[in-house]
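Features reported for this protein in TrEMBL:
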type	residues	note
DOMAIN	3-121	domain 'Response regulatory'
MOD_RES	D58	4-aspartylphosphate
DOMAIN	132-229	domain 'HTH LytTR-type'
Amino acid sequence: MLKIAICDDEKSQINLLKNILSIHLDLKGLDYRIYEFDCGESLIDSITKESYDIIFSDIEMKAINGIDTAKNIRLHNKKSVIIFVTSYPDFVFQGYEVKAFNYILKPYTSEKIGKVLDSALEELNEIQDKFYVVESKSKTVKINLSNTYYFTSDKRKVNAVTFTETIDFYDKLDNLEKNLPSFFVRIHQRYLVNINHVSSVESSSLVINKEVLPISRGRYNSFMIEFAKTMLR
């Protein structure tokens, strides 16, 4: 089931967006449920109990705004597609830190919502859990790629650094680079990173999971092109 959250402190805006989304989703024949929240606090509280595929959040709300709400959401859920809605175009540049997928300027139109919804559904399909199967310590292990920060190599031994553990196996980064999805990008002879988890970039390094990894000079430009694409999605 597709789970969508709408967070807005104006009930009329929630109802309007919900009605438009329902029409588009019904036409697609999708099984879905839409959750309503009238403030950022209530949405944040629900995140520990429920995982939403798509979140539509107003930016200008009382108490806690949409940007701060999204920051809290990202602490628990890095996969939700977050779409901000706002009446003011000046706010659209504030979603970088939380990897906002898109922005919708009020007033809503069915055509505008439909296009963004279609893009969000395509994005969800792209980020569905993918696995890479390896032999590690005489066992067959499925590595969840969405939950993997990066791969690092030392000669023929590779370590997969994931959300919960480090898995070591024998392979070459060159092979992984050819076989893994495009969101894994080579930044160095020893590192292949999941670009979706990169939090910041400097001239010769990046930060991922609070770790600083080097970017080789020859790979910097190609990496920045891919990184920029993630910001524009």
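Just so you know, the numbers here start at 1 and follow the chain as drawn.
Glycine residues also receive a Cβ, built from the backbone N, Cα and C atoms like all the rest.
Predicted automatically and left uncurated, TrEMBL annotations should be read as such.
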CB within-chain contacts under 8 A for D58 (4-aspartylphosphate), separation at least 6: C7, D8, D9, E10, Q13, G66, F84, V85, T86
Arithmetic mean of per-residue pLDDT over the domain 'Response regulatory' (3-121): 88
Secondary structure composition of the domain 'HTH LytTR-type' (132-229) [DSSP: H/G/I, E/B, coil]: 26 helix, 50 strand, 22 coil
